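Quick look at what TrEMBL lists:
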ACT_SITE  116  active site, pros-phosphohistidine intermediate
BINDING   9, 55, 83, 89, 103, 113, 236, 237, 238, 239, 240, 241, 351, 396  ATP binding site
COMPBIAS  149-166  compositional bias 'Low complexity'
COMPBIAS  421-439  compositional bias 'Low complexity'
COMPBIAS  526-535  compositional bias 'Low complexity'
COMPBIAS  536-545  compositional bias 'Acidic residues'
COMPBIAS  553-565  compositional bias 'Pro residues'
COMPBIAS  588-597  compositional bias 'Polar residues'
REGION    149-169  region 'Disordered'
REGION    350-360  region 'LID'
REGION    421-459  region 'Disordered'
REGION    526-597  region 'Disordered'
Ligand SMILES: Nc1ncnc2c1ncn2[C@@H]1O[C@H](COP(=O)(O)OP(=O)(O)O)[C@@H](O)[C@H]1O
Ligand SMILES: Nc1ccn([C@@H]2O[C@H](COP(=O)(O)OP(=O)(O)O)[C@@H](O)[C@H]2O)c(=O)n1
């Protein structure tokens with residue numbers, strides 16, 4: 001399969017997600033990708049063929065003016081196809097002759113033209129090696145070409161007879177994952193650092209490297225969002241009711257997908273009518289719309305200092321689960337409200353007397369049940385296979401159900417620093433109407449309660465709670481061959497070492513001022529499902545992603561000590577995984593995208 005190098009240049013970097021979406025939709029596979037910052041020396045190396053030309057300095061300055069996304073794309077005839085998709089060199093001309101091209105859409109002029117693509121197989125090979133030197137080789141700093149790494153002490157390579165014994169399958173796989181990790185996370189930046197180092201020959205090369213890597217760190221933070229827990233269950237199972245309790249006691253923020261969609265209907269946006277019709281019919285709104293809304297709300301909650309966000313009523317389809325993971329983050333776990341239809345129907349009809357909701361009537365309720373069983377239950381199966389579902393018996397009275405939930409949240413939190421002096425009160429949690437943040441005075445009262453650490457034991461005045469990475473099963477490195485990794489979705493998309501679902505067919509979306517439907521993080525490897533059409537309309541106003549602030553310290557919440565929950569309350573708690581804190585694999589480089597603690 002032919003490969004080509006594709007660059008998203010600094011002028012289009014902010015819209016790289018849209019570029020990648022178009023790349024994937026056009027049938028390319030993103031074999032490798034890396035975000036990096038070019039230095040003047042590296043840029044000059046890359047454009048060595050233009051040495052002496054009058055525009056070279058300007059070009060290099062431009063290429064160093066911000067980060068770039070380098071990708072290796074593959075497809076039959078990838079070189080030509082990518083150049084066609086890029087469009088003519090001059091973005092101004094492109095807008096009249098190839099208005100759908102990348103340069104027309106994302107570029108400014110002849111120099112700031114959004115993208116680069118190799119122009120021949122030779123150039124592709126050279127350029128790919130420039131950005132993605134083969135593993136075990138180091139770049140030749142003078143030419144940019146890769147060369148075999150010298151043996152320790154500068155010795156020549158050993159003859160084959162003295163070669164180390166063949167490696168096991170596991171070792172080979174670990175090496176491949178480590179290679180992938182290094183290539184996507186480090187190689188680009190490190191290569192640039194070494195090139196600059198060789199040029200500047202500082203007296204203290206280590207300090208120089210440290211300084212450089214800090215300055216040009218393309219991954220300055222891990223997941224920029226507060227922790228996320230999905231709250232799922234049938235309509236009327238009690239998700240909203242219990243979310244309000246969690247907000248009250250744990251300081252989390254409740255983000256209801258249904259509420260966000262209903263707000264959108266109210267706002268009379270262009271998509272509002274379509275969303276309103278879908279809600280009435282119990283249909284599921286296309287994932288990219290909901291994710292756009294959710295992401296905005298999650299960013300807002302994170303910025304407000306929420307330690308966690310309850311995402312209520314999402315994902316509603318298996319492919320939306322994968323889409324969310326790639327566009328936003330992985331959830332810590334899924335709280336599932338198990339409730340028979342009969343009970344839910346009674347509750348919804350009762351709720352319908354006052355809720356004013358267009359779908360709390362028997363006709364819509366029946367449709368919602370059908371949609372839930374057919375499309376949403378597989379999401380539970382999916383997460384259950386990953387061991388990340390906390391299943392609640394939701395038929396019991398509100399207080400009883402909450403006791404179980406409180407225990408789950410308390411258990412899933414790790415008691416950290418117990419020094420009251422170092423503690424601060426939680427930020428006032430933004431909550432859905434009806435839930436009341438706990439006032440300071442009440443917090444002080446709760447502070448006198450026993451710690452959750454061990455029931456009955458006198459606790460600290462306040463206890464700092466942080467989510468334990470080890471307690472969140474799907475946060476630790478996932479092995480590609482682990483059971484349950486395979487997705488049921490037909491449009492499964494391999495992402496790095498694991499297979500994730502992607503929403504296959506998304507209804508055509510009218511232009512609307514939504515947040516850009518962001519796509520997978522650049523370092524993931526994407527293959528285009530033939531029918532993927534999650535692309536925004538070209539004329540859609542796409543807000544640039546709000547830059548989320550670095551994740552704040554988890555706010556401190558003093559959950560009241562829950563009475564012990566009976567076994568029957570937690571139907572499938574996977575407590576085996578909750579209790580023990582599984583250790584991260586020693587070679588954590590095996591996880592291409594480890595979630596930070
Ligand atoms: N455990 C429960 N027992 C009885 N009624 C409940 C329980 N949980 C919620 N309800 C009621 O059922 C209705 C639906 O609950 P809600 O939290 O709105 O569900 P969801 O958000 O899952 O659609 C509400 O009127 C609520 O007061
Ligand atoms: N992720 C979501 C959440 C809700 N919705 C729509 O919004 C409706 C109401 O969802 P909701 O979560 O507020 O309410 P319940 O169905 O849980 O009671 C659903 O029936 C869907 O039509 C959606 O399309 N996608």
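Cβ from N, Cα, C; glycine included.
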Distance from the residue listed as 'active site, pros-phosphohistidine intermediate' back to residue 103 (ATP binding site), taken between C-alpha atoms, in Å
10
The correct three-state DSSP answer for the residue listed as 'active site, pros-phosphohistidine intermediate' is strand
Relative to the Cα of residue 116 (active site, pros-phosphohistidine intermediate), which of the binding-site residues 83, 238, 351 has the closest Cα?
83
Please count the residues of the region 'LID' (350-360) that DSSP assigns to helix (H, G, I), strand (E, B) and coil.
6 helix, 0 strand, 5 coil
Suppose we draw a 10 Å sphere around the Cβ of residue 240 (ATP binding site). How many other Cβ atoms does it contain, all chains included?
21
Sorting the recorded positions 83, 103, 116, 238, 240, 351 by sequence and keeping only those with a Cβ under 6 Å from ligand 1 gives 238, 240, 351
For ATP, whose listed binding residues are 9, 55, 83, 89, 103, 113, 236, 237, 238, 239, 240, 241, 351, 396, the greatest C-alpha pairwise distance in Å:
73
Determine, from DSSP, whether residue 236 (ATP binding site) sits in helix, strand or coil.
coil
Across all protein chains shown, the one of the recorded positions 9, 83, 116, 351 with the most other Cβ atoms within 10 Å of its Cβ is 9
Near residue 236 (ATP binding site), which residues of its own chain have a C-beta under 8 A away, given they sit six or more steps off in sequence?
339, 343, 344, 345, 347, 348, 351, 365
Proximal but sequence-remote residues of the same chain as residue 238 (ATP binding site) (Cβ under 8 Å, at least 6 apart):
337, 339, 347, 394, 398, 401
Taking the region 'LID' (350-360) alone, what is its mean pLDDT?
95
